[in-house]
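**Student:** Take a look at what TrEMBL says about it:
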- 77: active site, nucleophile (ACT_SITE)
- 77: active site (ACT_SITE)
- 5, 50: S-adenosyl-L-methionine binding site (BINDING)
């Protein structure tokens, strides 16, 4: 399993957490996820994305669809960019959606969607 994050501090934190839990079968890379996807040609079984409020954007959404993982877990803090990104993933079906009110008494929330590649 490989964790990708553009912020080196987040990678350092993830490594500390994995070590504290005794998890040893993980790799971490501090780089842009678009660059990572271009470096690896094999389709992973699962991709978990948690983009910033601006969403994945068209280019990364297209790369993700081309990569064609069986499942995508999309965690979003912006329902508008989530919808825009999901509109670009027509070969995926939403199987489950969960709303997380992590910021009580505000208009902000997290939404997590489990997507499954449609059978061809």
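Cβ atoms here come from the backbone N, Cα and C positions, even for glycine.
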**Student:** Using the alpha carbons only, what distance in Å do you get between residue 50 (S-adenosyl-L-methionine binding site) and residue 77 (active site, nucleophile) once rounded?
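**Tutor:** Residue 77 (active site, nucleophile) has its Cα 8 Å from the Cα of residue 50 (S-adenosyl-L-methionine binding site).
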**Student:** So if I measure Cβ to Cβ from residue 5 (S-adenosyl-L-methionine binding site) and keep only same-chain residues at least 6 apart in sequence, which ones fall under 8 Å?
**Tutor:** 11, 14, 28, 30
**Student:** I want to verify one value. Collapsing DSSP to three states, which class is residue 5 (S-adenosyl-L-methionine binding site)?
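**Tutor:** SS state of residue 5 (S-adenosyl-L-methionine binding site) = strand.
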**Student:** Give me the long-range Cβ neighbours of the residue listed as 'active site, nucleophile': same chain, 6+ apart, Cβ under 8 Å, in sequence order.
**Tutor:** 52, 53, 108, 109, 110, 111
